[in-house]
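Student: My questions all concern the structure below.
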Amino acid sequence: MYGIEYTTVLTFLISLILLNYILKSLTRMMDFIIYRFLFIVVILSPLLKAQNYGINLPITGSMDTAYANSTQEETFLTSTLCLYYPTEAATEINDNSWKDTLSQLFLTKGWPTGSVYFKEYTDIASFSVDPQLYCDYNVVLMKYDATLQLDMSELADLILNEWLCNPMDITLYYYQQTDEANKWISMGSSCTIKVCPLNTQTLGIGCLTTDTATFEEVATAEKLVITDVVDGVNHKLDVTTATCTIRNCKKLGPRENVAVIQVGGSDVLDITADPTTAPQTERMMRINWKKWWQVFYTVVDYVNQIIQAMSKRSRSLNSAAFYYRI
């Protein structure tokens, strides 16, 4: 009788131990499955775009405007914007808190405080030497000046494109441009450029290599010059080296994260006629300009439309950078 009771108790204990082992095994198996599933989700989530079935609200949190359901890439939430302006803008506004005001206005367009940087430059000449286009998106405001029309046009060509440049020693060497993308870029306080094309015997064509007065003058007292001559022909150059430097440059393609906005002026500067601008796309906007506050209000109002036409830190050769005018 006691043997049967001991057997029953022993059987119960063995069953309890076996059940405990089975439960632990199931727990370990479920943990493995769950962790493996979560690992796969984490790996694949950056590669997938899911449909958003919620309501997208403006960053200000306003409930006044609801946008259609969609999966959107909110560029401004992870990007920086640099706004370059001439010194005269800050002088005219004459308000120590004007940048803070604009930052709050950019916030209403979805650009968080701290993502927009305001960079001042003295004049076109100093800006062209060292543009410092450091942000993901760069918008340059250029006040139209009839006396600097050529410099403005060439500055736009300079900063809207990527260039690879090397120094030139015009005292020792002749130079030729190999193709349409090859230009000579000169910068300085006053650049006067003269050229003398040479034949195969290195004799001047319509000029004397020993007399710079017979050279053909292609630029006079400009601050920025992009010189284009006949390809495949050697040239002897004369440059005002005391006030100007010249470089042999190759246009690599559009700098798609830069926009130039012309402020005011009756003439529209156009750089798309250059055969090296491919595709020849011109995008412009214009408002009646009176004061710098009006200019900045317009930029804030249209900033997202401008950004949509640009590419973030891109050097793609497939689409052109653009030139805006207000």
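One-based numbering along the chain as shown.
From the backbone N, Cα and C atoms, a Cβ is placed for every residue, glycine too.
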Student: Based on Swiss-Prot, name the residue from GLN177, GLN201, GLN262 that is recorded for the same Ca(2+) 2 site as ASP228, VAL229, ASP231, ASP301.
Tutor: GLN177
Student: Could you pull the disulfide partner of CYS244 out of CYS191, CYS196, CYS207, CYS249, going by Swiss-Prot?
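Tutor: Of the listed candidates, Swiss-Prot names CYS191 as the partner.
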Student: According to Swiss-Prot, which candidate among CYS82, CYS196 shares a disulfide with CYS135?
Tutor: CYS82
Student: Fill in the CA-CA distance, ASP301 (Ca(2+) 2 binding site) to CYS82 (disulfide bond), as an integer in Å.
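Tutor: Between the alpha carbons of ASP301 (Ca(2+) 2 binding site) and CYS82 (disulfide bond) there are 16 Å.
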Student: Three states by DSSP: which one describes ASP301 (Ca(2+) 2 binding site)?
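Tutor: Once the DSSP labels are grouped into three classes, ASP301 (Ca(2+) 2 binding site) ends up as helix.
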Student: Whole-number Å distance between the CA of CYS196 (disulfide bond) and the CA of VAL229 (Ca(2+) 2 binding site)?
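Tutor: Each residue's Cα considered, CYS196 (disulfide bond) and VAL229 (Ca(2+) 2 binding site) end up 10 Å apart.
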Student: In sequence order, which same-chain residues at least six apart have a C-beta under 8 angstroms from CYS191 (disulfide bond)?
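Tutor: Correct list: ALA219, ALA221, GLU222, LYS223, LEU224, VAL225, VAL239, THR240, THR243, CYS244, ILE246.
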Student: Below 8 Å Cβ to Cβ and six or more residues apart, same chain only. Which residues does that give for GLN177 (Ca(2+) 2 binding site)?
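Tutor: Correct list: LYS183, TRP184, ASP228, VAL229, VAL230, ASP231, GLY232.
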Student: Find, among the disulfide-bonded residues listed as CYS82, CYS196, the one whose Cβ has the highest number of other Cβ atoms within 10 Å in the structure shown.
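Tutor: Per the Cβ count within 10 Å, the most buried is CYS196.
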